[in-house]
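Summarising the annotation, TrEMBL assigns domain 'Catalase core' to 6-392. The annotation active site is assigned in TrEMBL to 53, 126. Taken from TrEMBL, the feature heme binding site covers 336.
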Ligand code: NDP
Ligand code: HEM
């Protein structure tokens with residue numbers, strides 16, 4: 001039977017399109033709740049879009065433990081080989097607005113919520129193993145330069161390269177961005193990386209620094225600059241379409257999950273800081289160790305309810321998985337829940353896609369607020385004190401895992417010569433594949449040709465420090481595309 005139409009209050013409405021008025025063609029009546037209520041609701045349909053990662057696609061799936069890593073991590077969802085946990089993943093581009101093209105040259109977000117028996121674990125990753133910054137104070141500056149000019153409201157090559165050449169610790173990430181990996185062919189055909197170092201411990205209290213890699217079982221497929229540009233006009237939603245249709249026809253994508261680990265001793269002796277988000281851990285020194293696999297196999301029933309309202313945060317974690325002292329990660333622990341309170345409201349964890357499945361959310365001092373829909377813990381007292389005993393779970397965590405000491409001082413982590421070592425390695429990696437070094441130079445040149453000459457010169461110089469051939473190739477093509485007036 002077809003559903004019966006009602007107003008938002010549940011009252012049956014005889015005709016959805018009969019507006020109340022004086023006579024057949026006279027003015028409307030304010031008493032027409034069906035009309036007034038539906039216009040007022042329509043006026044409020046939009047919530048703020050995410051300030052970054054606004055355009056995205058999401059799906060549910062299942063994670064399964066394939067290999068025992070209980071020597072590294074005591075989290076309950078990892079305690080048995082074969083154990084399964086429901087997940088929800090949202091992929092995204094970073095800089096564009098909600099309607100922007102899926103094929104934009106941009107990192108891709110890769111955020112996964114694990115609905116574990118110890119609460120929700122969010123692994124909020126990107127498709128690149130590093131990032132542009134290693135000091136969080138730069139994030140708003142950096143993001144502004146990738147978005148629109150405050151006056152022209154246009155993307156601006158001067159702003160873009162002015163920032164990046166002034167903050168050259170970003171050169172490693174900029175190279176990945178301008179390689180063909182900066183334009184993935186689909187969300188299914190790209191990897192996910194923690195980027196940051198995390199700190200995982202086992203139930204004995206031993207701990208390791210950890211980096212996580214989700215390697216695509218579909219393989220990596222990328223677009224070249226021209227294919228990506230063409231698709232942004234002909235099918236700007238190509239990645240959403242690809243993901244939704246593949247899952248709908250039973251061809252859900254999967255990723256195999258690995259960790260790299262370091263003991264605290266190894267970290268002290270590493271040639272880079274493990275808290276430096278612009279550095280990878282070389283595979284040969286820190287080999288990948290497999291622990292799981294997840295497959296996305298269920299499309300959301302409603303995009304707004306489940307994908308737009310999904311709220312991920314690196315601070316949503318479970319016992320035995322902790323953040324490291326990476327300052328960018330530490331700042332992210334604050335920023336995400338803060339933006340959720342603004343974007344979705346203070347009770348964002350009550351929205352079904354964000355709600356833990358444990359049935360055990362019990363923090364009786366956090367009550368009330370807009371859109372309290374979970375019963376609000378009924379008559380239970382809204383404070384903790386002796387008269388109302390509760391239990392605390394005991395974890396066997398070492399209390400002196402990391403001991404920090406030092407004067408409180410401002411520290412400016414400036415770019416240095418060492419920041420060019422790994423970019424040089426990456427340039428060699430690109431040289432293993434046909435045309436990849438040439439594509440890198442071309443992809444940069446077609447972008448930087450729109451910048452002013454003095455900014456272009458800084459770009460040639462920066463990439464020349466990675467490899468003089470790269471600097472020269474960018475310069476040659478840029479000057480062909482935007483000849484200088486003598
Ligand atoms: P390896 O030779 O062991 O690994 C190189 C890695 O580069 C590959 O495993 C692959 O990572 C990645 N890669 C392959 N093709 C491309 C491409 N076109 N664009 C970007 N990345 C690509 O060397 P190292 O581990 O010593 O790393 C060398 C350089 O490779 C690093 O400086 C870094 O720039 C880059 N890299 C390293 C990663 C790491 O975790 N060590 C991860 C990704 C890149 P994958 O298997 O993850 O696809
Ligand atoms: C989204 C802040 C760095 C991955 C966001 C959002 C904010 C934010 C405010 C919007 C969240 C929302 O509205 O729901 C920051 C800050 C950073 C930082 C302040 C650095 C100081 C990073 C890094 C990564 C990352 C290094 C990856 C390793 C993501 C992802 C999303 C996101 C995947 C989208 C989540 C989703 O799909 O809803 N970030 N970010 N961010 N960020 Fe970051």
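Heads up, the Cβ atoms here are built off N, Cα and C, so glycines get one too.
TrEMBL annotations: computationally assigned, not manually curated.
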Report, in whole Å, the straight Cα-to-Cα distance of residue 126 (active site) from residue 336 (heme binding site).
15
Measuring CB to CB from residue 53 (active site), give everything in the same chain under 8 Å that is also at least six residues away in sequence.
92, 93, 94, 109
Does anything in the same chain, at least 6 positions from residue 126 (active site), have a Cβ under 8 Å from its Cβ, and if so what?
107, 108, 109, 110, 192, 193, 195
Cβ packing number for the residue listed as 'heme binding site', 10 Å threshold:
18
